[in-house]
Amino acid sequence: MLSKFFPHIKEKPLSERVKSRDAFIYLDRVMWSFGWTEPENKRWILPYKLWLAFVNIVMLILLPISISIEYLHRFKTFSAGEFLSSLEIGVNMYGSSFKCAFTLIGFKKRQEAKVLLDQLDKRCLSDKERSTVHRYVAMGNFFDILYHIFYSTFVVMNFPYFLLERRHAWRMYFPYIDSDEQFYISSIAECFLMTEAIYMDLCTDVCPLISMLMARCHISLLKQRLRNLRSKPGRTEDEYLEELTECIRDHRLLLDYVDALRPVFSGTIFVQFLLIGTVLGLSMINLMFFSTFWTGVATCLFMFDVSMETFPFCYLCNMIIDDCQEMSNCLFQSDWTSADRRYKSTLVYFLHNLQQPITLTAGGVFPISMQTNLAMVKLAFSVVTVIKQFNLAERFQ
């Protein structure tokens, strides 16, 4: 069903040419709309840069400030539930501004990484290897659409309910607009801005996921090549050595690819790790003490979306660490015992390098892994425990 509207989420046949960079098709389109890429025609650079400045000043600077001003301007009108709902989104929005800035600054690095993907694609000659690339490309685009559905559902669940209740869903401050007298205008403006904000946040969450997904694609292809070393009879020792050398080049390209992306994702995931415990903690307090049924459903969706910002990426990083161990096993288990001295010495050098796992760190501090992710999520329970011990929830009710 979805593939009728989004054809790139379906695996393409081998008769069509597909490149690894095609996994970013839908993501790049959204980024282009925010001014985060470059126009194809150079004569549009100036208007595009002006659009970039306008959109990002409004969304990354003025929008978080508008939520903060609303606290100062109309704090007494907030109920406890409304305040917590606004606070959890406001905190996440400030973090999202930093995440978007890191992603925007890393545009050139991401372009360098795509060039390296093109070089890795040149090694995919057999139908089996090309089919693997096609499958991962479709998976990358599918993840982008899936995140759009998850994130959009949060807005769709919130906006109609609060509109019918004649209450503002996110309590933003708009100068020269009376939010009570011009309720529908301010509510529609809130809905539009929140939708744009979550799509910006989506880009910062999906970009690392798809990028490392394509890294895992080529790691899996390299594992298969390592298994097949010296498996074709009738070749000379020089040809076997050249085959091993090509695998070493592939591994070097993979390391360069990850190194190009490392500074881009380091800051993004670091900010999210700092936020996830606090945001989930505030959401859990709101859910446990102040939510109605409908606002509780919306809060659960928000908590799910916040968890999706780090969980899939951390899980993928763990899988890549395991893949690196498997790569060294594949090389060691290949048919090298009858090889000449040159081949064996090259293999030993390569085996040593393969045993170094491909890892990412958040801000140069936290290793990006499921263990770190779970440790940060546990902070949410610490926040709830503090609130319950001091009976703060009862005081606000």
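Positions of Cβ are set from backbone N, Cα and C atoms, glycine also.
According to Swiss-Prot, the topological domain 'Cytoplasmic' annotation covers 1-49 (among others), on the basis of sequence analysis.
Annotation source Swiss-Prot lists transmembrane segment at 50-70 (among others), citing sequence analysis. Remote same-chain partners of the transmembrane segment (50-70), defined as residues 6 or more beyond its termini with a Cβ less than 8 Å from a stretch Cβ, comprise 34-36, 86, 89-90, 93-94, 96-97, 100-101, 104, 170-174, 193, 196-197, 200.
Predicted-model confidence for the topological domain 'Extracellular' (71-86) is 79, expressed as mean pLDDT. As annotated by Swiss-Prot, topological domain 'Extracellular' applies to 71-86 (among others), with the evidence given as sequence analysis.
What Swiss-Prot lists as transmembrane segment is 87-107 (among others), and the listing cites sequence analysis.
Long-range neighbours of the topological domain 'Cytoplasmic' (108-136) within the same chain, counting only residues 6 or more positions beyond its ends whose Cβ lies under 8 Å from a Cβ of the stretch, are 11-14, 18-21, 23-24, 207, 211, 213-214, 216-218, 220-221, 224, 246, 250, 253-254, 256-257, 260-261, 263-264. Summarising the annotation, Swiss-Prot assigns topological domain 'Cytoplasmic' to 108-136 (among others).
Residues 2, 6, 8-12, 18-20, 22-27, 191, 194-195, 198-199, 201-202, 205-206, 209-210, 213-214, 294, 297-298, 301-302, 304-305, 308, 312 of the same chain lie 6 or more positions beyond the ends of the transmembrane segment (137-157) yet place their CB under 8 Å from a CB of it. Under the heading transmembrane segment, Swiss-Prot lists 137-157 (among others).
Residues 63, 66-67, 69-70, 73-74, 78, 82, 85-86, 89, 189-191, 193-194, 294-295, 298 of the same chain lie 6+ residues outside the topological domain 'Extracellular' (158-182) yet bring a C-beta within less than 8 angstroms of a C-beta in it. The feature topological domain 'Extracellular' is assigned by Swiss-Prot to 158-182 (among others).
Sequence-distant neighbours of the transmembrane segment (183-203) (same chain, 6+ residues past either end, Cβ-Cβ under 8 Å): 27, 30-31, 34, 36, 59-60, 63, 92-93, 96, 99-100, 103, 147-148, 151-152, 154-155, 159, 162-163, 166, 168-170, 172, 174, 177, 305, 309. Annotation source Swiss-Prot lists transmembrane segment at 183-203 (among others).
Annotation source Swiss-Prot lists topological domain 'Cytoplasmic' at 204-263 (among others).
Per Swiss-Prot, transmembrane segment is recorded for 264-280 (among others). Long-range contacts of the transmembrane segment (264-280) within the same chain, counting only residues at least 6 positions beyond its ends with a Cβ under 8 Å from a Cβ of the stretch, are 88, 91-92, 95, 98-99, 102-103, 105-106, 109-110, 204-205, 207-208, 211, 303, 306-307, 309-310, 313, 360-366, 368, 372-373, 376-380, 382-383.
Annotation comment: Swiss-Prot describes 281-286 (among others) as topological domain 'Extracellular', evidence class sequence analysis.
The feature transmembrane segment is assigned by Swiss-Prot to 287-304 (among others), with sequence analysis given as support.
Across the topological domain 'Cytoplasmic' (305-356), DSSP classifies residues as 40 helix, 0 strand, 12 coil. What Swiss-Prot records for 305-356 (among others) is topological domain 'Cytoplasmic'.
As annotated by Swiss-Prot, transmembrane segment applies to 357-377 (among others).
Look at Swiss-Prot and you will find 378-397 (among others) tagged as topological domain 'Extracellular'.
Long-range neighbours of the topological domain 'Extracellular' (71-86) within the same chain, counting only residues 6 or more positions beyond its ends whose Cβ lies under 8 Å from a Cβ of the stretch, are 167, 170-171, 173, 282-283, 285-286, 289-292, 295, 299, 396-397. Secondary structure of the topological domain 'Cytoplasmic' (1-49), assigned with DSSP and counted as helix (H, G, I), strand (E, B) and coil, comes to 30 helix, 0 strand, 19 coil. Look at the topological domain 'Cytoplasmic' (204-263): DSSP puts its residues at 51 helix, 0 strand, 9 coil.
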